[in-house]
Amino acid sequence: MHKSEDEVPFGREIAFHQSESTVVDVHGSHSRVLQAAHNETLAAIIYRSIQVVVFSNRFNLLIPFGPLAILVEKLTDHHGWVFALSLLGIMPLAERLGYATEQLAFYTGDTVGGLLNATFGNATELIISLYALKSGLIRIVQLSLLGSILSNMLLVLGCAFLCGGIVFHKKEQVFNKAAATVNSGLLLMAVMGLLFPAVLHYTHTEMHFGKSELALSRFSSCVMLVAYAAYLFFQLKSQKSLYVSVNEDEIQTGNNSNNDESPDISKWESIIWLSVLTAWISILSEYLVGAIEGASTSWNIPVAFISVILLPLVGNAAEHGSAIMFAMKDKLDISLGVAIGSSTQISMFLIPFCVVVAWIMGIPMDLNFQLFETAALFLTVIVVAFMLQEGTANYFKGLMLVLCYLIVAASFYVHVDSQPVD
């Protein structure tokens with residue numbers, strides 16, 4: 001009964017009630033009374049946790065669409081309905097995944113918090129990509145990951161700048177320019193990794209046709225993974241002071257008056273909810289991926305548009321809400337860590353990781369995302385890099401990024417993919 005709080009989930013609450021229960025021990029039943037109090041307290045904590053996480057947000061009314069998608073898939077052959085219901089069912093789960101990550105970020109700093117948001121925010125994309133890869137849908141893996149980068153950099157960051165700029169319209173919001181510059185450099189490196197296989201393919205300058213492109217992609221993927229690992233070490237260990245946000249500087253100097261926020265759930269509750277939500281998302285992702293081609297046929301919408309535009313709306317629900325919320329609280333460093341950090345993680349980790357996993361599985365996935373898609377990524381990185389170079393944000397910059405995303409979405413709607421899905 002004297003275990004530390006770090007050893008027992010919810011230890012603080014349980015220990016408090018256990019100390020109260022010791023006064024009722026009268027007839028030698030001390031252990032039984034304590035055990036009953038322990039069970040009652042744990043049940044109360046679980047009930048409160050479910051109430052806070054599940055029933056505190058109206059967006060969670062979409063959660064039943066997930067089981068409904070499974071039911072429709074079992075009873076009918078309407079792939080369009082299965083895809084739509086799975087899409088709606090995953091959206092609140094992805095948002096709650098972001099909420100649980102945000103709660104866990106209360107126990108870390110802004111830098112680690114942004115990294116956690118980016119990591120678990122991308123868990124949906126990773127799960128969907130692995131299921132698509134398992135089904136041999138290489139093109140859907142490429143397009144969905146590309147769409148997530150475009151969505152994060154243009155739509156998520158744009159909405160964060162727009163909403164934050166409207167709330168703080170009388171001043172210009174600032175963020176850590178050095179951290180944004182490093183992320184921009186990594187994104188340009190990712191563009192380089194994707195550009196050379198595409199150029200090699202379209203110029204027909206391969207030394208060994210069909211093999212050099214794949215070999216270059218696998219080598220570049222390994223290099224990108226090493227670069228991302230070095231970036232994590234640089235960010236979290238070597239040059240940690242470089243990533244101290246404006247808000248942390250204000251806290252250290254005593255100029256921040258908005259320190260009254262506190263987490264809604266404990267650290268262990270956050271970790272458990274992250275596990276539960278990730279498992280449920282993985283189940284629905286299998287049905288979502290399996291219905292993509294059928295939905296494209298029944299809706300008469302290109303697979304490229306579904307993969308690049310619609311799928312990222314699911315995966316980026318967590319990033320979208322978190323980035324906007326932090327921007328409206330004048331915490332742009334966390335918003336950038338979520339939006340740009342997530343794009344960096346997808347381009348420098350998820351994409352090369354999928355190439356390596358496919359290599360292990362014997363699937364010939366490469367970094368040739370085709371010319372149109374690579375050009376869209378290159379222009380997006382250039383536009384966002386120019387927006388971030390001053391270290392300031394306002395609502396006009398956000399509006400421009402959102403409008404750029406509309407152009408990209410319209411372009412993919414009329415684009416006919418030159419490479420088959422499978």
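Quick reminder: no glycine exception, Cβ is built from N, Cα and C everywhere.
Quick look at what TrEMBL annotates:
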type     : residues : note
DOMAIN   : 80-236   : domain 'Sodium/calcium exchanger membrane region'
TRANSMEM : 81-99    : transmembrane segment
TRANSMEM : 111-133  : transmembrane segment
TRANSMEM : 145-168  : transmembrane segment
TRANSMEM : 180-203  : transmembrane segment
TRANSMEM : 215-234  : transmembrane segment
DOMAIN   : 270-412  : domain 'Sodium/calcium exchanger membrane region'
TRANSMEM : 271-292  : transmembrane segment
TRANSMEM : 298-315  : transmembrane segment
TRANSMEM : 336-361  : transmembrane segment
TRANSMEM : 367-388  : transmembrane segment
TRANSMEM : 395-416  : transmembrane segment
I need to check the long-range neighbours of the transmembrane segment (298-315): which residues 6 or more away from its ends have a CB within less than 8 Å of a CB in the stretch?
78-80, 83, 87, 90-91, 94, 121-122, 124-125, 128, 139-140, 143-144, 146-148, 150-152, 288, 292, 373, 409, 412-413, 415-417, 421
By DSSP assignment, list the helix, strand and coil residue numbers for the domain 'Sodium/calcium exchanger membrane region' (270-412), in that order.
120 helix, 2 strand, 21 coil
Could you tell me whether the transmembrane segment (271-292) and the transmembrane segment (336-361) are in contact, taking contact to mean 3+ Cβ pairs under 8 Å with a sequence separation of 6 or more?
no
What else in the chain is close to the transmembrane segment (395-416), if you only count residues 6 or more beyond its ends and a Cβ gap under 8 Å?
150-151, 153-155, 157-166, 169, 301-302, 304-305, 308-309, 372, 376, 380, 383-384, 387
So which residues does the transmembrane segment (271-292) touch in its own chain, when a touch means Cβ under 8 Å and the partner is 6 or more beyond its ends?
9, 49, 53, 66, 69-70, 73, 79-80, 82-83, 86-87, 89-90, 93-94, 96-97, 100-101, 104, 120, 123-124, 127-128, 131-132, 135, 137, 140, 265, 303, 306-307, 311, 314
If one takes Cβ-Cβ under 8 Å and requires six or more residues beyond its ends, the residues near the transmembrane segment (81-99) are 53-54, 57, 59-69, 72-73, 117, 120-121, 123-124, 273-274, 277-278, 280-281, 284-285, 287-288, 290-292, 294-295, 306, 310, 313-319, 321-322
